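Only one structure is covered here, and it is reproduced in the block below.
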Amino acid sequence: MSAITMRELTKVYPNGVRALDALDLEIADGEFFALLGPSGCGKTTLLRTIAGLETASGGRVHIGERDVTALPPGRRDVAMVFQDYALFPHMTVQDNIAYPLRIKKVDRRARADKAAETADELGLGALLQRRPGQLSGGQQQRVALARAMACHPQVFLLDEPLSNLDARLRLEARTFLKRLQRELGVTTVFVTHDQAEALALADRIAVMEGGRIRQVGTPTEVFRRPANTFVAGFIGSTPMNLVDAEVRDGELVVAGTRLPVPEGVQVTDGEKLTYGVRPEYLDHTAEPASGGLRGRVVVVENLGSFSLVSLDLQPADAPAGDTPGTSVQVVVPEGREPAPGDTGWVVPRPGRSLLYRDGELVTPTATPAVPAARTAAGAEQ
Amino acid sequence: MSTATRTAPARTDRPAPGAAPVAVRHVLSRIGRYVFLCAVLGFFALPLLWLATAPFDETPTITASLPRFTLDNFRALLDNPYALSSLLNSVYLAAGTAVLVVTFAALAAYALSRVRVPGRDALLYGLLLLSSIVTGTATMVPLFELAFRLNLIDSRLGVILILSGGLLPAAIFILKDFMDATPTSYEESARVFGASPLQIMRHIVVPVVRPGLATVGVWAVANVWGNFLVPFLLLRGPEKAPAAVIMYTLYTEGGQADLRLLSTFSLLYSLPVALMFVFVSSRYGFRFHGGIKR
């Protein structure tokens, strides 16, 4: 078990693509760490560079006390689970799990014992003599995990661990994976493009874009306080509402409505900012409300226990029928949904809205008491 | 099966009288198709029938007929000093060439599949085009000259090298497809566990592409087995000549083709290759393992 430290890590491909751009990152010992970002952001390259499958063009990688930058993958003491699991089709489950031990010249009997033991831990005991082609997707994934566990590496690297499973199995595997990581306590880095997966699994998340890290934090931090508009738009099953705002007379004017400037933010009159608030932190009312944004309901999407309602904002002073083209989404609990065409007001909950200047967060940390306690509890576990 | 399909439409058509001629036409076209297929099949089966009957006939002709059964032809063939040893010579040449072709084609195909080489496809197609020339009639004179300078005339190695050269491009072409179909994640996975390149080749790549290697091996053997021109020109005496060349010498004193020996030798000549096909196909099935398809 070891921490992973990256300093100024850079990877430039021969075709000139800069996949990693002077990246600094520290992953703590025993941490479950997510690399999150859209495709092409460099997250898989970063994982492969930690594994040693890609050589860094610049910078260093440390695993524990060792500088592994120049070491080949086999000598870094890491295990990797590939997106397609990469189970060898001509070997049985037992031979697959025992393969790392075969490379380490462990004798046949000890190998078989270790494979059987690891398989039992993951509920694969009855499948030892099967071939990968005869297993379901979930079983294949567990075989791949067992193979990675069999050699007791210092670091687990998982490439899109859940993307090859169907939706129902994915939830099951997510819970399984989180429990397994907690029990083993091995530093684990995984790559995903699915923000929900990252939020659910990881102790900490690095959100990446264009070969750079845009924010590192706990799921609570990146969800509640995205450091920039990119993260704000990427995290959350419904992206954050980002609306243009202007400062007038020491107040924010958002789509014609005057809102107070959050505490501790220095603003100047006439300044253009971006006002961000999550759909979950907005309340919808059918009655005019002070400090509420007025809009016309255009779409209602039923998502089971709640609905996602989209409104086109209509400033109070604008003539009827004129839509400025700005829309917001709001989460409405079941049974309270408006009908499309209705006029409604959305009221931001106090302390939940964020201000961005040139795409960067300017609202200072005014962390409410509840999430702070939760973060601390999460860190202790 | 055909009766079932023929009666089934007739029964369903009864309520709709207008559809009846369609059903009749369907049946007729079916009959016509089978008759045609039988004719084609007969055309190809008759020579094989000759091969099965003539060796056991006292006086074989070039037509297939019910034989007056005898094994004398086989005894006569055993008296020929070169007949059996030529089959052994064929085995040497075929095995040597197959080993060379499979080994080098596998290595080349692996490299070409995994390493980015500029103009790789052009190179492959170019080689494929040229390979049909290398062992073709057109280059026989320069090849003979080359073998002469290299002191490879009347040497089995010379024949093996030239045949391998001719087969390699197509073999690389076939095997590259098999290598391309093998996900690189297999090898990367093994690399992360610390496997050396040679171990990756031995543990992962070779077993996964084994059906491809078997296909290319069988194909190489069959090619060498049937090749006449190269060994005929490069091997001087009948001691080293393979069966395809010895076949050419089976004449009576009068200069007529000796059908008794020829038919018997043909049977012995074709059996090993047929047996090899059966064996390899039952062993490897010429197909992929499950799990590779995606």
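Backbone N, Cα and C atoms are what each Cβ position is placed from, and that goes for glycine too.
The domain 'ABC transmembrane type-1' annotation in TrEMBL covers B:87-280.
Sequence-remote contacts of a segment are chain residues at least 6 beyond its ends whose Cβ falls under 8 Å from one of its Cβ atoms, and for the transmembrane segment (B:34-52) they are 2, 62-64, 263, 266-267, 270. Here TrEMBL flags B:34-52 (among others) as transmembrane segment.
Tertiary neighbourhood of the transmembrane segment (B:91-112): same-chain residues 120, 124, 156-157, 159-161, 163-164, 167-168, 171-172, 174-176, 178-179, 201, 205-206, 209, 213, 216-217, 220-221, 223-225, 231, 242, 272, selected by CB-CB distance under 8 Å and a gap of 6+ residues from either end. The annotation transmembrane segment is assigned in TrEMBL to B:91-112 (among others).
The transmembrane segment annotation in TrEMBL covers B:124-144 (among others). Under 8 Å from some Cβ of the transmembrane segment (B:124-144) lie the Cβ atoms of residues 112, 153, 162-163, 165-170, 172-173, 176, 227, 229-230, 233-234, all in the same chain and six or more residues away from its ends.
For B:156-175 (among others), the entry in TrEMBL reads transmembrane segment.
Outside the transmembrane segment (B:212-234) by six or more residues, the chain places 90, 93-95, 97-98, 101-102, 105-106, 135, 137, 140, 143-144, 147, 152-155, 158-159, 162-163, 167, 171, 174-175, 177-179, 206, 241-245, 248, 272-273, 276-277, 280, 283-284, 286 with a CB less than 8 A from a CB of the stretch. What TrEMBL lists as transmembrane segment is B:212-234 (among others).
The transmembrane segment feature in TrEMBL is assigned to B:267-286 (among others). Using a Cβ-Cβ cut-off under 8 Å and counting only residues 6 or more beyond its ends in the same chain, the transmembrane segment (B:267-286) has close neighbours at 51-52, 55, 77, 83, 87, 90-91, 210-211, 214-215, 217-218, 221-222, 225, 243-244, 247.
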